[in-house]
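Participant: Before anything else, here's the structure in question.
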Amino acid sequence: MTLVDINGVSVNFPFTPYACQVDYMTKVLSCLQNCQNGVLESPTGTGKTLSLLCASLAWQESKKAQVELNKQAGVAAVLAASGDGDGGREMDKLLSSLSTASGATWGSEQFFVPKIIYASRTHSQLSQAVQELKRTAYNSVKSSVIGSREQLCIHPQVQKLTNNTAKVQMCRSKVAGRHCHYYNNIEDFKKKSDTRTAMGNVVDIEDIVRIGHKTRTCPYYMARELKSDADIVFLPYNYLLDSKSRKTHGVELQGSIIIFDEAHNLEKICEESASFDLSSLDLATAIEETTKLAEKLAEMSSSEMEFSQVEDSAIIPEFTLEDVIRLKKTLLDMEEHLDNVEVSDTQPGRTLPGIFIFELLSKVNINWTTKNDLLDKLDKMSTFLSNDGGHAALNTKGAALGKFGDCLKIIFSQEPADGQLLFSHQQNLSQHFKVHIQTKKGDSKFKKNFDAWSNTSNAEKKERILSYWCFSPGHTMKDLMAHGVKVIILTSGTLSPLDSFAKEMQIPFPVQLENPHVIEPGQVWLGTVCKGPDGATLNSDYKNRSTDEYKKSLGNTITNFARVVPNGLLVFFPSYPVMEACIEMWKSSNQWTIISQYKPVIVEPKGKTAFTEAIDEFYTKMNDPTLNGAIFMAVCRGKVSEGLDFADANGRAVMITGLPFPPRFDPRIQLKMDFLQENRDKFKGLDGNTWYRQQATRAVNQAIGRVIRHNKDYGAIILCDTRFSSTESKKSLPLWVRDQSKVYPNFGLAVRDVIKFFKEAEKNYPCVAPKQHKPTGHSEGGIVTGVSFEPSFSKRSHGKDHVTIQYERASEVICHMPSLKEGDENTVYSQYSHSNRSVLPKKRSLLEALDSSEELSQEPFRSANSMGNKSDIFSQESSSKLPLKKLPGKQKRIKLKPSTSTHGSENFEGPGPSEAETSKNQGSLKEAAVRERSKQAMSSSQDYVNEVRKALSKDQYRQFSDALHKYRKENKIEIVLPVLTELFAGSLELHPLFQKFYRFVRPDHKIVYAQRCYELTGLSCNSSLKHSDCSNNAGCSTHLPRSEVGRVPSTSSDSIKSLTGMIGTTEPRVSGVSAQDNVIKCIVCHQPPQKGLQHECGAVACLTCWVTKVFQVSPERKCLKPGCDVRIKRKHLQLISTIPGS
């Protein structure tokens, strides 16, 4: 623990705090010491909750010490009067110090220690806060957690119910009838032991439930007992903002300090807590309940039942039949007046001023004078109905009467001040509200049976909904301050812009903070991808998001990023309808299967139970060693984007597919915007359009916060909507990523930078994998098929004549992307496993798979032609050089023997060939080269066509073949280019086929084709680029002979002829040929090369020279040519026999 002095308060922090944490705690203490409200923004992962708890509880300890010292002030006065001046001075000094720590504004309240009320949105967020408190030095303070019956009730019958309202009603019924033995045991438990001693100081909901099971006492009511002596109380927002819930749970606000954590939703929750929707169906149901209630009372009266003789005292009514009849008359009149309001059928509804609700209630004799008696009767009647389980007809259990009572409590929530006129008070309240009456479309599924009291014509009327909507969160915040709250602190990771947020609350917030992050720039990557891999614009606006072109392009974008992003990928959609429409289209077009090939997909459901199951499934997939993580598709403002922890491998990247604007045509949204427009002077310039944009940006920023959860975490933020590229959108991004935002006009560049980011992040910020995985299988003979990464070795058993190698699945990026590894690395990286499959149907050898992965990760601009044939010695080198760890035991040495051909070493000792022999040999070589070129041109065309045929369906291949014939016949690039774009640009796997076709394009079309290929795929076709130029782009364009294409069985001869006829005649010149004798010589031994290999820079050397002078000398592998410092890779070397003119 570290003791930090901040503003005169000694804060005990678990470790040395970061600068941003010190700034945050300084602002918190400034609020507490000066009795000022504060709005504090600190990004997720900066230790916001920890800093908040430590600072506030440290101040509370100082306040406690000051109060205790004030109690001893009398003793100090006595000492001073007796002549002991030193004691008095020491006391004054201590009092002064504590007064400074607690704040001068609290000086008048010498014997009062304020209680801290810590509110958050959900119970899970509260549990996280309690766990943080347990890990601090303040884990001895007395705390309490107030939860719902859903979390705390342990009665078996109540737990079986699925509806929360039903749980509340049954619990109340059993408690009132003394039928819950858990509740009955509380009094006995309190007599035997102290509640706080038995429960502990810092307790969570799980702790209270566990102790409740152990002692057979009710956790729900025990938690309320703990609240009485608690220094800090944890509770959800609605228990604090809703006056009814506040009263039910006994939450006292006088003199308290309220902290709203995760306050980015506070505006909405404040408005909803003061709003309601009451339908004509609710009124009809309430009327039915009063009818059944009257029948029940009449039956009890006619049977002359004596209430005192009833065994169950809970069913004794505390109201008369006259009360029931009077209430029913009120409800019938209310229903009639609601039906009499004129609402146009052509309009979505009718909007009335807030004062209308008081006018409507006054017509049925509900006002400030009669409301208390009416509310009392409603509570008693609903309780009576909930306790009466003997009548099947009473299946609503008084829910409708209870809802009507709740609506009245919201309307009459704030009492008028002494001496204030009722009309003036109603006018003040009404300015925050609007009344909206609309007709519900469609027939009601609930069929009502009306009695003689009801008007039978009501059954033919359409259902109406009376809405009383609050549009000012300041209404609720002012109510809190009116109850004597001392300080309100609002904090979250996404509150900006702070000024407009504070304006809506309509109470002063002198203390404000917009904190930076604790991470370094290299730990986060943010890019706006404007186009998909097929070139289609990514724009999820209202007009474009429903088109098949957009959905297809978005699906291809997710597919490609799912391949290069390690582990967990979170994909956020603007809304449920947009997400469901995209998924439906992807499933119908088989795109869903392609996405699932890389990572299994989990979709966020709407139900609470289904959501819990989805979360469990996601983490199960993440922990499965046979999978490459998982994709969680969710919506902005959903549960996944709000407070869930996707730290480290669980969330390596977040994709935002659009701006989540609220539904513009929703009546409540329109009225909110109109309300702000009418009161923009009151809100200091905040108008409806500004609020509408802020709702979208804050939801995006909240989803972005899922990617970085602590100071060692790293991740990518991918914004897949071109609207994010605007200047206004960039300014709305969180402060900690605003400067790192980059716009990518084409898809290939974005993929390249994402790969580069994860390569560097895994090296610089290693994260230990959550678990070690066992080997997943064997591969005999060291050959692996159907995978696209290099396996790591785990065992080696020796036989007499052979070696059997056991492989385990690669769990790091560098295992299956060898080009990402530079030198020997001992760092343990986070898990990044691919499933055992290949995207293309054909099986590839290990060498091809390695080359493919290396090209994708390290050099996305380099030509895919480098995937050519390699000599046998390179296949051997691949087996011995590339594994990440050395094989155990003895290893077989491979010795290189000189060739016995005429170019062997024995000829180097004798005299050189004569000029005639040299000229003759040169002529023979040139003729052989011409024949070889002609033969290999046909072979290259044949191989390319076979690759295309393997990758495409029959219909697609027919389309490809027709385009080739037309191109050869008409010589127009615009004929074949759109076809190739459609076939190859949509998938990252097919990009090399798009690039390879460059070799068959006619010379006058090559520039246009190369430019188009670069725009769509990010791959370069231009062979004239020097290696030094390409290295700046993390890739190099390499022009290798046309024979360097994987061997595939023969295919259509017509397509081969079409391609062969388009091959140009220009060949690269070999720079290794001497200008004097036109003979190729080794750059090392200066002799005709033995199994010569040429580098891209033109350097030619014998195979033995390359191996002994480069590959076995140092890990740097610098080129042999003077001035060329390029690191040599096998793929950069070309057999000299395939070079024209050799």
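Backbone N, Cα and C define each Cβ position, glycine as well.
Bear in mind that TrEMBL entries carry predicted annotations, made automatically and left uncurated.
For 7-331, the entry in TrEMBL reads domain 'Helicase ATP-binding'. TrEMBL lists C153, C171, C180, C218 with the feature [4Fe-4S] cluster binding site. Here TrEMBL flags 863-877 as compositional bias 'Polar residues'. Residues or ranges marked as compositional bias 'Basic residues' by TrEMBL: 883-896.
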Participant: Which residues, same chain and not among C153, C171, C180, C218, have a CB within 8 angstroms of the centroid of the CB atoms at the recorded [4Fe-4S] cluster site?
Facilitator: R149, I154, H155, V158, K174, V175, Y182, Y183, Y220, Y221
Participant: Please give me the CB contact count at 10 A for C180 ([4Fe-4S] cluster binding site), counting all chains in the structure.
Facilitator: 24
Participant: Under 8 Å Cβ-Cβ from C153 ([4Fe-4S] cluster binding site), six or more apart in the same chain: what's there?
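Facilitator: Looking at Cβ-Cβ distances below 8 Å from C153 ([4Fe-4S] cluster binding site), excluding near sequence neighbours, one finds Q159, K167, C171, C218, P219, Y220.
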Participant: Identify, among the binding-site residues C171, C218, the residue whose Cβ has the fewest other Cβ atoms within 10 Å in this structure.
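Facilitator: Fewest other Cβ atoms within 10 Å, among the binding-site residues C171, C218, is found for C171.
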Participant: Averaged over the domain 'Helicase ATP-binding' (7-331), what pLDDT does the predicted model reach?
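Facilitator: It averages 82.
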